[in-house]
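Record features, source TrEMBL:
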type    : residues                                    : note
BINDING : 97, 314, 316, 318                           : Mg(2+) binding site
BINDING : 410, 411, 412, 537, 538, 539, 540, 541, 546 : substrate binding site
DOMAIN  : 87-119                                      : domain 'Alpha-D-phosphohexomutase alpha/beta/alpha'
DOMAIN  : 150-205                                     : domain 'Alpha-D-phosphohexomutase alpha/beta/alpha'
DOMAIN  : 228-321                                     : domain 'Phosphoacetylglucosamine mutase AMG1'
DOMAIN  : 335-474                                     : domain 'Phosphoacetylglucosamine mutase AMG1'
DOMAIN  : 526-564                                     : domain 'Alpha-D-phosphohexomutase C-terminal'
REGION  : 591-611                                     : region 'Disordered'
Ligand SMILES: CC(=O)N[C@H]1[C@@H](OP(=O)(O)O)O[C@H](CO)[C@@H](O)[C@@H]1O
Ligand SMILES: [Mg+2]
């Protein structure tokens, strides 16, 4: 078995619980039966031994040549999901985001443009793991029964893919499933993940009083650029020079080039770097948001002068981080926490200035990986409420959606700002009492249009940060000076069985319930250090546990994590190879001393649900 198969995530088979059938009819009488059976014979399941494909936070993700049968199965499920949603369009995105070019992935987008409802992931896993064509058709029909779906309901699927060469063949597998199930479809070709989310919501709100935008990628550019221009109703473009955008040699490059055609250069000037989409092996290779964040250094082709403003997108353009070098070539990262604090500060200020401070409350959502200094800044300086959720954007998204205006970002740069219906209504109805109020209100209304409401979107977030810096007349220097990150470190330990590490329910993954001995021991270790925090949790996407720690002094973080790591290895009975990434200055020192190691090959195993 090759190394990729060995690394596939193991998920239990769907439980064999008995659910009464809605239609006790002979399945072979279903008109789709024959067509699906014939079509799926073209896409046999890859032999993965005893390992199952798993649908997780980012759908199925693995080496591309293992995927055709999985994509076919996802097509079947999307067709069922659309029928269940009374014919609303369901989205399918084919991408492996920041993973290497030889990987690919597939995920389903629900009618409002959000991630597919979690309960349905089980059915995706079930279909994807059918061992033979007959088994797949049987599972397909049983899915319809169990999910109480009316087979003849209308169904529609829209889909897109990133720039990976394997995408074309996967689209063929998808189309075969859609044709066999009589599902209407639209192929949007190459697009970013957030563009597909936009298209899904735009399609399903067309003609309603909640119309999201024109149903085309061009409509997406028009919406973003028009809103951007509306935010510029009084202020002028940032005097601090252009923004440099590392597009990870992925889909962000052509899409940003297109977007730039809609934006006048005197208002928005971006210089694109790493745009070689015709050289697939360069995708996410030594560049892109994930690489910059995990390596804590500038990407390939970085040639920034001190204080130049640089950003990196990931391979499907749903994440963004900013960075720059200060005097002495010291690398400084402005990650998701920084974007969250910048956005919360600015939008909070606008709400207050518009006279809506009493009506609209802002909330920020973070995960345990947010730097403690960012949380303190939000609570103490911005005086806003912070909620913590488990890792994974869908958890953050749902929590943010409960706020009037909810700002959410993972430290790695994936996030957005959600405006609730209540907030949008207040923005529409409010009668400003002064020019200052009118200006703030106009900007807020424009931001609610410009910020992608369906999912974190690197292009929309790029415009957001640029608007804020421009309005504040800030350079990266002022942005960085808002607070100082606590020294911190994130490690990964390959334990024998990460499923043994269970966090305390409701603790937002900050405390471990099992193995039982570990948390008391960790508390003992943490208590030795000033303002220290440390937690261990099983990764939801890789076969490892992650250890995160922060404290007042970098040396203490090192010491604390070394002890926790030792104990984790002791308890879990094994270890393989820890690797490390960190955010603070002493990383540079380590680089120079040759102490840093590159992370291992990204794991192609299907992502799993975070616990
Ligand atoms: C510490 C960290 O960055 N974790 C990442 C990572 O999750 P893990 O469950 O930690 O493997 O992948 C997720 C999906 O891309 C992303 O949402 C999350 O932020
Ligand atoms: Mg991504």
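Counting begins at 1 with the first residue displayed.
Each Cβ is built from the backbone N, Cα and C atoms, and glycine gets one as well.
Please treat TrEMBL annotations as automatic predictions, because they have not gone through curation.
Distance from the CA of residue 97 (Mg(2+) binding site) to the CA of residue 540 (substrate binding site) is 16 Å. With a threshold of 8 Å between CB atoms, the same-chain residues lying at least 6 positions outside the domain 'Alpha-D-phosphohexomutase alpha/beta/alpha' (87-119) that come near it are 58-64, 67, 70-71, 74-75, 77-79, 81, 153-162, 164-167, 170-171, 174, 193, 196-201, 203-204, 212, 248, 251, 280-285, 288-291, 314-316, 318-319, 393-394, 397, 453-455, 601-602, 604, 607, 609.
Each of the binding-site residues 97, 412 was ranked by the number of other C-beta atoms within 10 Å, and first place falls to 97. A gap of 21 Å separates the Cα atoms of residue 538 (substrate binding site) and residue 97 (Mg(2+) binding site).
Taking H, G and I as helix, E and B as strand and the rest as coil, DSSP gives the domain 'Phosphoacetylglucosamine mutase AMG1' (335-474) the counts 77 helix, 19 strand, 44 coil. Across the residues of the domain 'Phosphoacetylglucosamine mutase AMG1' (335-474), the predicted structure has a mean pLDDT of 96. Rounded to a whole value, the Cα-Cα separation of residue 412 (substrate binding site) and residue 318 (Mg(2+) binding site) is 11 Å. Residue density at residue 318 (Mg(2+) binding site): 32 other Cβ atoms are found within 10 A of its Cβ, drawing on all protein chains shown. In this entry, 410, 411, 412, 537, 538, 539, 540, 541, 546 make up the residues listed for substrate, with the farthest two CA atoms of the set 17 Å from each other. With respect to their backbone Cα atoms, residue 316 (Mg(2+) binding site) and residue 546 (substrate binding site) stand 24 Å from each other. For ligand 1, the neighbouring binding-site residues among 97, 314, 410, 412, 540 are 410, 412, 540, by Cβ distance under 6 Å.
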